[in-house]
Amino acid sequence: MTQGENAPASRVLLKDVRPYGEGEPVDLLVADGRIAEIGAGPDVEVDEVVHGEGAVLLPGFVDLHTHLREPGREDAETVESGAVAAALGGYTAVFAMANTDPVADNAVVVEHVWRRGRELGLVDVHPVGAVTVGLRGTQLAELGTMARSAARVRVFSDDGHCVDDPLVMRRALEYTSAFGGVVAQHAEDPRLTVRAQAHEGANAARLGLTGWPAPAEESIVARDCMLAAHTAGALHVCHASSSGTADFLRWWKAGDHAGTVSAEVTPHHLLLTDELLAGYDPVHKVNPPLRTDDDVHALRGALAEGTLDCVATDHAPHAEQDKDCEWSAARPGMLGLQTALGVVLRTMVEPGLLDWRGLARVMSERPARIAGLTDQGRPVAEGEPANLVLVDDEHRWTVRAAELASIATNTPYEGMELPGRVRATLSHGRLTVRDGVVAREGAGH
Amino acid sequence: MRHLLSAAELGAEEATSLLDTADTLKRTLLGREVRKLPTLRGRTVLTMFYESSTRTRVSFEIAGKWMSADVINVSSSGSSTSKGESLRDTALTLSAAGADCVIVRHPASGAAHRLSGWLDETGTQVVNAGDGMHEHPTQALLDAATLRERLGGLDGRRIAIVGDLLHSRVARSNVHLLRTLGAEVVLVAPPTLVPMGARQWGAEVTGDLDAELPGLDAVMMLRVQAERMDGAFFPSAREYSLSYGMNEARLARLPEHAVVLHPGPMLRGMEIASRVADSPSAAVAEQVRNGVHVRMAVLYHLLAGEEVTA
């Protein structure tokens, strides 16, 4: 599954870095795509030197939930612009969601996305395959063919749509278990969310927006856990957004069940609430919707304790005309790749809910394991693949949409100050970001 | 006043001042042969209605014309909107063409807020004539004007709003304005038609209309659209009417002085019995009359920017 392997091997010395933010700074030598030596001497011969100045070294981040919009909506994002954003955000692997146009429900589309990722060599781009043909929820897509394709698809999702038919969901969980696939469910009962626009609660009531009730998510999560146990399948819950979902998963995971259940939470659900909807600016429109302060705190707690396994961005670029309009006409989603680290530092690390090891767990190790990646989310140790991110934890920066790499500009964090800056990213031993700037061979960037 | 987007943003002083202006205008025009004031001569007012409406559009149009403004109606079906133009571009176009004020009705909650943001730099002012399920501030103002006339004031009065609270912009605007003006508001509806979170509006919520009747100074009946039954909000029109309809028996249980309001259009036999609608307790025609004066007052406060002196 190694990508970017066509790039020339290089030797990179990371000077004065602190793995997991622990201990005194050390020098770390990367050679042939692997961590060759920790505590390397000053006289080693290398191609590049990165001065860490005590920055924190972590395994590169893995995003299970990214919308790269190619093919179909290249006016919002492409594999290239998304890959740049991912590298700058500290990611070394991203999973590109299937709701493109045409839909990634066949080997041709998933191989296109996978090849574009390899050509760019900035981040491992793993296409997610659709569960059902055209995301229509009725007929299974050719899951096995996508799994056997060059893209070796293992994560399947109709994200944007819920696989709401329980029989189709059951079959998907059963069928993918043959080749170690995981079904990533966008949990949203469509009957409970007809024309839904905002979290059902006091704010939606006041603003006159049709409610998106939390039980529409929770009931599907509960049902799918039971189906995963019954079929011994692998379920991944996308973007858990309510305290009820966290409570159910905590209870479920405490039990002894067949099958596996994992869950992700987005950075925006860890920070933002539906109070932001007051001005009707659709930059805050997202699905599932922003909920309450109670939900935010429940999700933080659940992530800290492991009830929620990982953070996934649900990076969802949208063209300006799809956001600069009335609320109900706007498309749901927000940018996330370059702000995820800052938001997680602010919501989880700064309050003491996670330490750097914990951050590595939720941003890298767990998502890599859920998706079955063997070369990502590995320890910072000699002999391991050099998929790494170097984080300047002292640095604070102000989010400016115009300065982000994505083509679209729909960030809800405009003007917000966030902690932590990605100083360098290494993908398979090669620098993809250095000094906060994307490094591309011969590209002049 | 820069724009009129919601009743929630009106303070007691500003709301009272608008109602006083409406009273003054009403008295000034009373018995005049030519009902025309020169106040807004040379000003251009556009109505942009993205939903069908007769009474609100006509009311605004008359209000503008009685103030000598040039009123132009833009219908969404005959305009660029039907060709796929965005709301933003339509608004900027109308502003560039010389609109001093845009009166907008739109099916999307928040549409007037969005318009005001896009038009803020142009100087064009926005009046919300109903946005989705959010607000309809001039309806609340005309209801308040009518209740003030009938009851002599709103302070301490107890007013029930009955019906489809979930989908009603009239209810939301009225809850805000009536409370701002000192009234007690009780919301009456089957629980399926009460928005989650409505209990935080500062009004009482109940499903029992009959228990409330003897203590009320006014009842505001909301239209219940038959298509709501498809959403399983209630079992049948008949059962709704039996439980929440204002019939003669219920009218008899109201205090003598109590007023029955309806924003229209009425579904006679559904939420209001025909004889109640035509009874002296009902103030439906006064609401429509006051609507013109209230909208004149709004245009006056926005476009002339000063108080009327009698």
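Glycine is treated like the rest: Cβ placed from N, Cα and C.
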Problem set entry | Given TrEMBL lists A:His65, A:His67, A:Asp159 for Zn(2+) 1, the same-site residue among A:Asp294, A:Asp295, A:Asp309, A:Asp314 | A:Asp314
For this session: Please pick, from A:His112, A:His297, A:His318, the residue that TrEMBL records in the substrate site together with A:His67, A:Leu68, A:Arg69, A:Asn99, A:Asn287, A:Pro332, A:Gly333.
Result: A:His318
Exercise. Need a hand: TrEMBL gives A:Asp159, A:His186 for Zn(2+) 2, which of A:His239, A:His257, A:His268, A:His269 is also on that list?
Worked result: A:His239
Exercise. What kind of secondary structure is A:Leu68 (substrate binding site) part of, going by DSSP in three states?
Worked result: coil
Exercise. Going by C-alpha positions, which of the binding-site residues (A:Asp159, A:His186, A:His239, A:Asp314) is nearest A:Leu68 (substrate binding site)?
Worked result: A:Asp314
Exercise. So which binding-site residues out of A:His65, A:His186, A:Asp314 end up within 10 angstroms of A:Gly333 (substrate binding site), measuring C-alpha to C-alpha?
Worked result: A:Asp314
For this session: Taking Cα atoms as reference points, rank the binding-site residues A:Arg69, A:Asn99, A:His186, A:His239, A:Pro332 by distance from A:Asp314 (Zn(2+) 1 binding site) and give the first.
Result: A:His239
Exercise. Cα of A:His186 (Zn(2+) 2 binding site) to Cα of A:Arg69 (substrate binding site): how many Å, rounded?
Worked result: 18
Exercise. Within 10 angstroms of the C-beta of A:Asn287 (substrate binding site), what count of other C-beta atoms is obtained when all protein chains are considered?
Worked result: 19
Problem set entry | Segment-level pLDDT (mean, integer) for the domain 'Dihydroorotase catalytic' (A:54-242) | 98
For this session: May I ask for the distance between A:Asn287 (substrate binding site) and A:His67 (Zn(2+) 1 binding site), taken between their Cα atoms and rounded to an integer number of Å?
Result: 13
Seminar exercise, completed: So A:His67 (Zn(2+) 1 binding site), by the Cβ count within 10 Å over all chains shown, scores 28
Problem set entry | Candidate with sparsest Cβ neighbourhood (10 Å radius) among A:Pro332, A:Gly333, the listed binding-site residues | A:Pro332
